[in-house]
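Report on one structure; see the data block that follows.
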């Protein structure tokens, strides 16, 4: 099974603000983009035999979330988004060293023997008022959010 | 010959880059990103120095590449004026499509991955002195105009994302055939080995620097401004000068090359 931890900042997200400003002020999306948010996503593959995935999610969050400045939501296997925006998942298609390090840390240092794999990505939440919001989200992903030589994107609606 | 050292928010090598350029006989000034971009046409050449433009938000160089000054630099590059991007400047040139200059974003500078004997031994930020081997014939590129093929140049590097990668399987062949690979990492004897620590960041074919097809735009991960004076060299380097503060270091050849390129172009 897969435990998903969606993590967002409680404090203002300067990176999201910069991306939004770039889209509005430099790339011509002032008529299409209403809002933009960002979340980090850890997707952690664990043994199917785990009895209480909710408790495991809480214990994993203690290691991967800094609750002084971040909030999180946990889910098992699927991710439900709230609506009102297009979620665009961006991750590396080349090896992700930080995800590898996190997996090693969880398994070998912190005793999470049930962890089988760790993936890391960013969810860009694009509130769009264009006629074809998914098409616009794809365009934004390809023009700004990814470098195709190392990143992939996925529209998650 | 007046050059602009283009400064974005988060750039942090603009001053020493200008000092190094002046030591090679160029004049110039620091050009902040929010000046009217059309004023760039008053200059004969451009350097985008190192640092962390926009705090590397999104990914290194991505946000700066969308600034109006980059559109102006694209026009100046099309006119044949020289541009050198150093470290973060290289990342900006890649994200803007000016390098390798084949029509789009053709490569990425990904996180460093240091590989030795088939194993990843280290990742991420790395700071070290390195030796570069000049791979192109003389006068191929504005920033190495005065160097011969095989010349070795010492300079330091400091970056986390300098690992040149591409999904285009034919790209390397094209870059090699067109002499767009300008520097490769090598050992002190000039031997290129695709293993850490000679290949410091896992870059494809140990690439440290590339130019555009026309040769006027150069991007390099190492910092020539940090070895432009002999006193900047490490204590073990026989070329180190402790007394004469003006004595040139190997990195100055990059700026002297730019100067010569501008002279010839005139």
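Placed from the backbone N, Cα and C atoms, the Cβ positions cover glycine too.
Note: TrEMBL annotation is automatic and uncurated.
Annotation source TrEMBL lists active site, nucleophile at B:87. According to TrEMBL, the feature active site maps to B:223, B:225.
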Tell me the Cβ neighbour count for residue B:223 (active site), meaning other Cβ atoms within 10 Å of its Cβ, over all protein chains shown.
25
Taking the Cβ of residue B:225 (active site) as the centre, how many other Cβ atoms fall within a 10 Å radius?
30
Taking only the CA atoms, the spacing between the residue listed as 'active site, nucleophile' and residue B:223 (active site), expressed in whole angstrom, is 7
Three-state secondary structure of residue B:87 (active site, nucleophile) from DSSP?
coil
Counting across all protein chains present, how many other Cβ atoms fall within 10 Å of the Cβ of the residue listed as 'active site, nucleophile'?
28
